[in-house]
C-alpha cells in the first residue's frame, strides 16, 4: 500500500490523540456522578447501536453483487431504502413521540434485526423487504435515540451545557472509534475467517439484540406529549405548524438537509474521485482514515462547545464554508492539474490532494453532528421532537434518491460542485439563524401550542 496512505492515517491519529490528551480543565466540563452514570449508559447503548449499523454498511453492495444482481438492481434496492426512510420516517417519528421513545428504540432493534435476517435470502423480493425495513430503522436511529436522550436529560434536571458533552462523545465513539472497529471486525469475519459476506449482518443482529436487552433493563420511558391524545394526522399538522411558525426551526431543518444531502452524495462519489481510472485503492483503510478525521472533528467540537462564551451558531458558519471549499477540490484540481487518462500504478497527484481535502470534509462532519444535535435540543419543541426531526429528513431522502437514480448522468465534478453550492447556502442560512437567535425571545412553544389548541389543526 502507498506510503502516503499510512502517512495521512498516522498524522490523523497523532492529531486526534494530541487533542484528547492535551485537554485542560478549561476544555472540560465539570459534571456530577449521577450524570456521568447516565451519560455512560447512553454512550454504551448508542455505540452498540452504531456498531450494528456500521457492520452492515461496507458489505451491503458486495452481498447483493455476490447474489448475482447488477448495478441497476442494486441501485433500486438502495433507492427503496432511502424511499422507505422518507415515506415511513415521519410516521415512526410521530409514533415515537406518542407511544414512547424507549419503545421506538426497541422497535429500531427489532426492525433492524429482521432486516439483517433477510440478507440470508438471495430472493430479490425478500432483499427489497429488508431494504424497506432498513430504511425504517435508519429513521428511528437518527431521531428516537436523540429524542429519548434530550427528554431524559431534562427530566433528570441536568444542566443544559452537559448535553453537548454527551453529543460530542456520542459522535466521537459512534461515528469514529466504533466505525473503525466495526470495519476491522467485519473484515476479520469476511476475509480472515472466510465466513462469507452475510457474516457481518449476523454479527450486527447480535449487537442489536445486546443493545435492546440493555435498553429494556436500564432505560425509563418518556414521551413527547403524554397528556395529549392526538392522532397521527393531527400530530403531523402540529409539527408542520411548529416549523412554519418558527423561522429558527425552519432554518435548522434546511441547514440539516443541505449538509446531509452533500454528505450522503460524497459517500457515493469519493471512490470514483480517488480512482478515476479504476486504480486499486485500499477502501477499508481510506474509510478508517475518514473516520479518524471525523473523530478529530468531534474532539474539536467538544472543545468548542465547552466554552460557554462561544455559541454553536457562530462557529458553524465557518465549518460550512470550509466544507464547501473542501468539496471544490475535485473541480480545482481538474483545472489546475491535467488529469491522467492512463491507469496509474500509484496514487496520482490529483487523488493525493483530494484525499487530504476529503479528510478536511470528514472533520467538518465530525463537528457538524454534535453541533446540530446541540441546536436541535435548543430549538425543536419537546412535544413533537421525533416527528419534526424526521420531517427534516424528507427532502434529504428525496435528494439522495434522485442522485442515486442519476448517478451516471452527470460528470463527477458537477456533482461535487452542486454539493459545494449546497454547503455555501447552508453557511448563509446558518448566519441568518445566528442573527435571529440573538434577538430577544418573543414567545416560546407553550404559548404557541395553547393558541393552536384553540383551533383544531385539522381545519387549518
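Placed from the backbone N, Cα and C atoms, the Cβ positions cover glycine too.
Since we're looking at a predicted model, the values are computed, not measured.
Taken verbatim from TrEMBL:
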- 6-22: transmembrane segment (TRANSMEM)
- 42-62: transmembrane segment (TRANSMEM)
- 74-93: transmembrane segment (TRANSMEM)
- 128-150: transmembrane segment (TRANSMEM)
- 162-186: transmembrane segment (TRANSMEM)
- 198-219: transmembrane segment (TRANSMEM)
- 285-306: transmembrane segment (TRANSMEM)
- 318-337: transmembrane segment (TRANSMEM)
- 349-369: transmembrane segment (TRANSMEM)
- 390-406: transmembrane segment (TRANSMEM)
- 412-429: transmembrane segment (TRANSMEM)
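Only sequence-distant pairs (6 or more apart) were considered; of these, at least three Cβ pairs between the transmembrane segment (349-369) and the transmembrane segment (318-337) are under 8 A, so the stretches are in contact. Same-chain neighbours of the transmembrane segment (412-429): 251, 254-255, 258-259, 261-262, 265-266, 269, 272-273, 276, 317, 320-321, 323-325, 327-328, 330-331, 334, 403, counting only residues six or more beyond its ends whose CB sits under 8 Å from a CB of the stretch. Touching of the transmembrane segment (128-150) and the transmembrane segment (390-406) is concluded from the presence of at least three CB pairs under 8 A, sequence neighbours closer than 6 excluded. Non-local neighbours of the transmembrane segment (6-22) in the same chain are 285, 288-289, 292-293, 295-296, 299-300, 303, 355-356, 359; each lies 6+ residues outside the stretch with a CB under 8 Å from one of its CB atoms. Remote same-chain partners of the transmembrane segment (318-337), defined as residues 6 or more beyond its termini with a Cβ less than 8 Å from a stretch Cβ, comprise 255, 259, 262, 266, 273, 349-350, 353-354, 357-358, 360-361, 364-365, 367-368, 371, 412-413, 416-417, 419-421, 423-424, 426-427, 430.
Distant neighbours of the transmembrane segment (390-406): 75, 78-79, 82-83, 85-86, 89-90, 92-94, 139, 142-143, 239-240, 243, 252-253, 256-257, 260-261, 264-265, 268, 415; these residues of the same chain sit at least 6 beyond its ends, with a Cβ under 8 Å from one of its Cβ atoms.
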